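Colleague: Got a structure here, written out as structure tokens. Questions coming.
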Amino acid sequence: MKSNTAAVSGFKLFVKNNQIGMALVISALLFLITITLNPKSLNPITFGSILSLTSMLLIASAGQTLVIISDGIDMSVGATMSMTALLAVSVMRGSSDVGKMLLALLACLAVGGLVGLCNGIGSVKAGLPPMVVTLYISNIVSRLQYVATNGKPNDTKAPDWFKSLITTRFGGFFPAIVLFAAVFFVLMYYLLNRTRYGQQLTLTGNNNRAAFLTGIKTTKIKMLNYVLAGALGGLAGFIGAGNSGFIKCGTYDGMTMDSIVAVVIGGTLLTGGKGSYSGTAAGALLLIILSNGLAVLQVTDSIKNMIMGAVLIILLAAYNRARPVRQ
Amino acid sequence: MKKVLSALLVVVMIGALLAACGGTGSGAAASTPAASTPAASTPAPSEAPAATGGFKVASHNAVVEGNPYRTVYEDQMAEAANAAKAAGLISEYNSFVANNDPALETQQLEQSINDGYDIILVNPIAASGLDAVIDKATDAGITYVNADCIYDSDKILNVVVDQDAYAKLNSDFVIKTLGAGSKVVQFKGIEGNSATEIRSKRWTEDLAAANIEIVKAVAHNWSDPEAKQLMSEILASGLEFDGIINEESAQGIMDAIEEAGAPYPGCITSSEEIAWIRRIAKINENELVCPFIVTENPPGIGATALAVAINVRLGNELDESKMHSPTEIYYAPQWIMTYDNMAEKLDEVKDMPDSMSISSYLSVDQAKAAYFK
């Protein structure tokens with residue numbers, strides 16, 4: 001009896017305190033349910049599809065993770081990705097020249113960083129609400145794509161070799177984009193867990209004033225964070241250019257909301273101060289497996305959207321309430 | 001410092017927004033004329049226009065940014081307006097975009113009425129909500145023509161693409177290619193959108209009548225990344241299907257198929273983006289491996305509406321026998337590409353950029369011949 005009680009309380013503790021673990025457990029359960037109800041879905045294409053979609057979302061959510069940990073939010077991720085994806089295909093112009101690819105990479109990082117700098121100036125230096133500032137910056141970035149191209153970009157696709165680099169599936173199921181996501185993961189893990197910058201960022205997000213009083217240059221950290229997040233968005237757009245067969249104005253605009261959802265499902269608090277990229281990875285995986293499962297089970301589009309909304313609200317309610325111990 | 005930065009940011013934002021608005025076509029010269037397939041010249045009609053040297057025309061569009069279709073719509077409208085100006089039919093042409101804001105749309109329309117425009121062309125945000133403005137415009141003697149997205153009113157003329165005809169071309173192709181007993185996946189555009197609903201109804205009816213089962217219906221919202229995700233999920237589900245019936249965003253669907261290494265579908269239908277036309281032609285370059293049909297859903301419908309409005313303003317009488325109803329003109333798709341005419345159609349679009357769409361429209365004289373006595 002005692003051991004049963006201990007097991008139950010142990011399980012409750014795990015559920016309560018281990019968001020990442022729970023996201024992975026729920027993902028595994030959903031996947032099991034999916035393949036049990038529809039055994040046909042247990043095939044290499046399923047694994048490839050889940051890995052590929054999760055990787056793209058994980059890459060797109062890197063900057064968002066940093067910004068939300070620092071008590072901000074970035075509504076310009078999608079627009080930045082769209083802009084830099086367009087920029088990447090415009091610079092590469094179908095060429096097989098690696099030099100042009102590197103130039104496109106640098107251009108995407110620079111443009112993304114510039115967008116991040118504008119976000120930072122508005123949100124941190126001017127002290128305006130991050131949601132409003134980044135939303136307006138997003139609007140401007142979106143419209144600049146149309147101003148620059150008149151809505152009809154001359155170049156709309158990445159060179160075939162670059163596309164293959166991103167979308168090839170090794171052994172018929174393992175997408176190359178997973179390797180890019182793995183590099184993102186290692187870098188982000190190191191940044192957040194093994195550097196002073198990562199520690200200072202978490203402290204700043206948790207309690208800006210306390211962090212400032214301990215000697216952390218919070219304004220500088222937050223500004224740098226927005227620039228870094230913008231550059232990561234630019235890098236995501238660069239990879240996205242190869243991941244999609246056709247880039248037009250606004251291709252990745254929808255990534256903004258997906259990135260926020262992936263980050264918060266993974267346990268990163270919207271109020272800042274707590275979060276991790278491994279959580280974002282778990283959140284992205286859960287989001288994709290849930291969507292995939294509902295598609296596999298032949299649920300209609302409307303019901304699928306309703307179920308996804310309900311599940312996400314339950315998860316957010318369970319794990320994303322701010323702790324009342326701050327400030 | 002904070003105040004200075006806030007002010008600076010506001011100035012930068014306003015500047016950028018103004019620059020961006022300039023690019024959306026608020027003025028006659030805002031759009032670069034598009035290369036269109038049969039865009040004929042606009043010779044002077046038999047009757048002289050207003051004594052002022054031509055009509056004053058305002059075009060109102062719900063949205064342009066984020067929508068390549070509307071970009072071509074704006075471009076071809078400006079192109080047709082320039083041709084009409086050269087022919088002395090139009091003295092002034094201005095374009096307004098409401099960015100999907102109904103309040104702004106109403107405000108802009110009221111302003112156009114007050115500014116004394118002779119012709120107002122509207123591609124509306126929704127099929128209702130503008131009745132008061134329409135009353136005001138018609139009371140003022142303005143020729144108010146609704147284009148592209150239908151508006152429910154018997155007081156105005158609607159000039160729209162015949163979505164039912166568009167859909168029928170596609171369903172006929174699928175039935176002919178796959179035959180009875182086959183299974184298809186249906187990709188819709190935006191659920192609730194009038195064009196999507198009309199097409200979906202036609203497809204559902206025609207395919208059911210031909211004993212073809214729609215085994216899965218999804219909506220990709222005319223977005224390539226969404227189409228790619230949905231197609232990836234469908235492939236992952238192990239769902240068995242023979243073909244795909246689809247509107248727009250075929251690029252995303254094909255990305256998913258090729259990335260997964262899945263076989264090409266028994267047929268695929270789509271709209272008219274140049275990049276897709278080139279891609280599907282390349283897939284079938286050596287032999288027919290993926291039967292397809294590309295059907296135009298012409299954004300040039302705005303320019304056709306302009307031609308109709310000018311004819312109305314010139315006093316020409318509409319021929320109801322050539323109309324769908326006394327207040328509706330339906331424009332049937334003209335540009336269709338299949339494997340059989342692939343080479344010829346590819347040649348027609350060889351100078352067009354990937355980001356464009358195929359679109360045809362009627363000149364003033366062509367519109368007169370098509371819809372007037």
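Cβ coordinates come from backbone N, Cα and C, glycine included.
The structure displayed is predicted, hence computed values, not measured ones.
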Colleague: Of the residue ranges A:20-38, A:305-323, which one carries the transmembrane segment annotation in TrEMBL?
Modeller: A:20-38
Colleague: What residues elsewhere in the chain lie close to the transmembrane segment (A:279-297), defined as a C-beta under 8 angstroms and at least 6 residues from its ends?
Modeller: 19-20, 23-24, 26-27, 30-31, 33-34, 37-38, 41, 46, 49-50, 53-54, 57-58, 61-62, 64-65, 185, 258, 261-268, 303-304, 307-308, 311-312, 315
Colleague: List, by number or range, the same-chain residues at least 6 past the transmembrane segment (A:50-69) whose CB is under 8 A from its CB atoms?
Modeller: 77, 81, 116, 130, 167, 169, 173-175, 177-178, 180-181, 184-185, 188, 191-192, 201-202, 205, 225-226, 228-233, 235-236, 239-240, 243, 252, 255, 258-260, 262-264, 268-270, 272-277, 279-281, 283-285, 287-289, 292
